[in-house]
Amino acid sequence: MSARADRPTPGWLAAIPAAWLAVFFLVPFAIMLGVSFAHRVPGGFYEPGFELDSYARFLSPFFGRILLTSVALSAGAAAICVALAFPFTVILARMGGRAQTLVLVALLAVLSLSEVIIGFSLSTLLSKTAGVGNFFAWLGLIEESRAYTPSLFALMTGLCYLALPYAVLVLYPPVSRLDPELGEAARIMGATPLRAFWTVTVPMLRAPLFGAAILVFVFTLGVYLLPQVLGQPAHWTLSVHITDQAIFQSNLPFAAAMAVLLLLVSLAMVGITLLLGRAR
Amino acid sequence: MTELSLHGLTKRFGSFTAVDGVSIDIPDGSFVCLLGPSGCGKTTLLRLLAGLEEPSAGRISVDGEDVTGTPAHLRGFGMVFQSLALFPHLTVAENVAYPLSIRGTPRDECRRRADELLSLVQLEGMGGRRIHQLSGGQRQRVAIARGLAIEPRLFLLDEPLSALDANLREHMQVELRQLQQRLGVTTVVVTHDQKEALTMADIVIVMDKGRVQQVGAPMEVYRDPANAFVAGFIGTSNLLPCELGEGEITVSGRRIALDPGDRVKARPGEAVLSVRPEDIRLSADGLPGKISFVRDLGESVQVLVEHEGHEITALYAPGARPEVAVGETVGVEFVPGTRVVLPA
């Protein structure tokens with residue numbers, strides 16, 4: 001009894017986050033799950049029921065393409081973000097204390113920008129009338145200004161801009177803790193700096209690199225505004241279609257079913273990470 | 001065959017000079033200890049040798065070949081870091097064979113050589129283990145085996161034994177020395193532990209404030225220190241201010257005639273007298289002092305005597321323990337022929 005009373009953190013404190021999660025996450029999720037099985041009334045709303053009609057629509061080739069587009073876009077963003085963030089973080093960790101702080105603050109400032117601001121800024125920057133096309137034309141690189149948006153390039157740029165700070169923040173602690181003597185040891189033993197990077201730095205950071213990729217993947221999977229602002233209709237992701245179905249088509253059961261699928265895809269990625277983490 | 005030669009080697013970090021004009025020639029197959037207090041520049045000097053730092057001035061040559069501008073990975077040296085810097089993502093055998101595999105040695109040859117090296121450091125059959133499964137002493141041996149994998153021209157070690165406990169450290173000192181003698185590889189070890197330096201080295205290089213204070217064989221440095229810093233840093237020395245005259249010194253107003261065996265390195269005038277604790281005798285004559293402490297260390301007996309604000313340490317074998325008690329007044333004498341008079 002006394003041992004329990006002596007514990008510095010009382011156990012009942014855990015009830016607060018538990019209640020929070022239950023009220024704001026589990027209950028809405030249960031409602032969404034219920035709606036996904038509901039019967040849609042065309043031209044109206046929906047009536048309670050239990051049918052698999054909404055899930056059946058996943059089996060169409062059209063829907064398969066949407067799912068593939070979503071996964072491919074997020075995987076691409078994850079690969080690009082990690083490929084950019086890793087060398088960036090390695091260089092950052094070698095900088096002086098002041099410079100590191102400045103860069104990290106700048107990076108955190110980017111996090112304060114919302115998807116909306118990033119989307120419309122890029123859209124303007126890549127447009128024909130006000131964008132970089134004018135600059136390229138002035139330099140003589142191209143004959144006359146052109147628009148670079150909407151396009152896959154514009155969309156990827158937006159997704160990476162949004163997710164890169166997260167990748168850096170995940171990689172920064174393990175990279176900065178890496179003993180510089182390990183790289184030096186590799187150098188003395190005959191490895192060129194590049195060889196040392198591939199044979200020592202990369203394998204030692206495999207887990208954080210994988211973690212950063214998963215974070216970017218799951219994070220960009222939920223992005224629904226950028227594909228509409230910067231992408232072509234072919235680049236509309238599952239998240240865009242959920243919004244479209246829920247708000248414009250008034251098909252809440254189908255939107256809910258897609259949301260459930262999106263959650264399952266995200267959970268599957270997290271599960272794979274955990275499995276790979278345990279295997280090491 | 002490696003003769004290591006440093007010429008005016010200097011390293012400055014901004015306005016701070018870490019290594020200041022070091023020039024030494026080290027014969028092939030020597031075991032060299034760089035000895036000095038922390039911040040004396042010994043680690044920087046080792047990193048200059050390894051190619052991890054670029055010298056601000058000076059030359060490094062090995063076998064007459066100038067390697068000053070050669071990048072670290074082309075020098076063909078072996079090194080053991082203070083943190084050991086073993087790779088946790090590789091097995092013991094893969095760690096040991098890393099320098100070979102990086103040079104494109106076939107896998108079978110790597111495995112054979114790793115086994116050979118592991119048995120050299122008495123770690124037979126441990127090749128498949130992970131680094132975190134090894135004890136401190138075993139990790140030490142893996143790092144040494146890895147450093148020797150390519151039969152380096154020069155073997156560098158940075159405070160290699162500092163993480164081990166006292167018993168294991170003494171054991172590893174002897175083992176490292178025996179290994180080095182067997183292989184004949186020119187070896188440079190950085191240490192701040194003078195006992196370690198005296199145990200292992202052929203040549204001791206004593207450094208302070210970036211400069212070489214003395215180079216010599218261990219007993220030479222111990223018996224015949226070049227200056228008061230070396231005398232104070234190597235072992236325990238009794239350092240007393242004195243006045244050097246013609247064939248005699250004056251300590252606390254008392255004249256002591258010098259013996260032909262005594263070494264005088266100072267000019268007449270103010271100087272410092274250095275005497276080892278084992279060369280102090282307590283008698284009725286000599287400098288008057290008061291016994292302040294008697295310490296039985298088992299292998300020896302240490303007697304501390306207070307003389308005009310200076311603490312003088314005398315060391316006796318247990319059998320020769322003087323009959324003295326704390327608070328007693330005694331005379332302190334210095335055995336003739338053991339006295340060293342150094343510049344003040």
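Glycine too: its Cβ is placed from the backbone N, Cα and C atoms.
All annotation found in TrEMBL is predicted automatically rather than curated by experts.
Annotation comment: TrEMBL describes A:12-38 (among others) as transmembrane segment.
Remote same-chain partners of the transmembrane segment (A:62-90), defined as residues 6 or more beyond its termini with a Cβ less than 8 Å from a stretch Cβ, comprise 155-156, 159-160, 163-164, 166-168, 171-172, 175, 197, 201, 205, 209, 212-214, 216-218, 220-221, 227, 234-239, 241, 261-262, 265. Feature annotation from TrEMBL assigns transmembrane segment to A:62-90 (among others).
If you look up TrEMBL, you'll see A:67-273 marked as domain 'ABC transmembrane type-1'.
The transmembrane segment annotation in TrEMBL covers A:102-127 (among others).
Annotated transmembrane segment per TrEMBL: A:147-172 (among others), in sequence order.
Sequence-remote contacts of a segment are chain residues at least 6 beyond its ends whose Cβ falls under 8 Å from one of its Cβ atoms, and for the transmembrane segment (A:207-226) they are 70-71, 73-75, 77-79, 81-82, 85-86, 115-116, 118-119, 155, 158-159, 162-163, 166-167, 170-171, 174-175, 237-240, 242-243, 262, 265-266, 269-270, 272-273, 276-277, 280. Summarising the annotation, TrEMBL assigns transmembrane segment to A:207-226 (among others).
Counting only same-chain residues 6+ beyond the ends of the transmembrane segment (A:254-276), those with a CB under 8 A from a CB of the stretch are 29, 32-33, 35-36, 38, 40, 54-55, 57-58, 67, 70-71, 210-211, 214, 217-218, 221-222, 238-239, 241-243, 245-246. As annotated by TrEMBL, transmembrane segment applies to A:254-276 (among others).
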#### Entry: Cβ-Cβ under 8 Å with the transmembrane segment (A:147-172): same-chain residues at least 6 beyond its ends
73-74, 76-78, 80-82, 84-86, 88-89, 92-93, 104, 107-108, 110-111, 115, 118-119, 122-123, 126-128, 131-133, 205, 208-209, 211-213, 215-216, 219-220, 223, 226-227, 229-232, 235
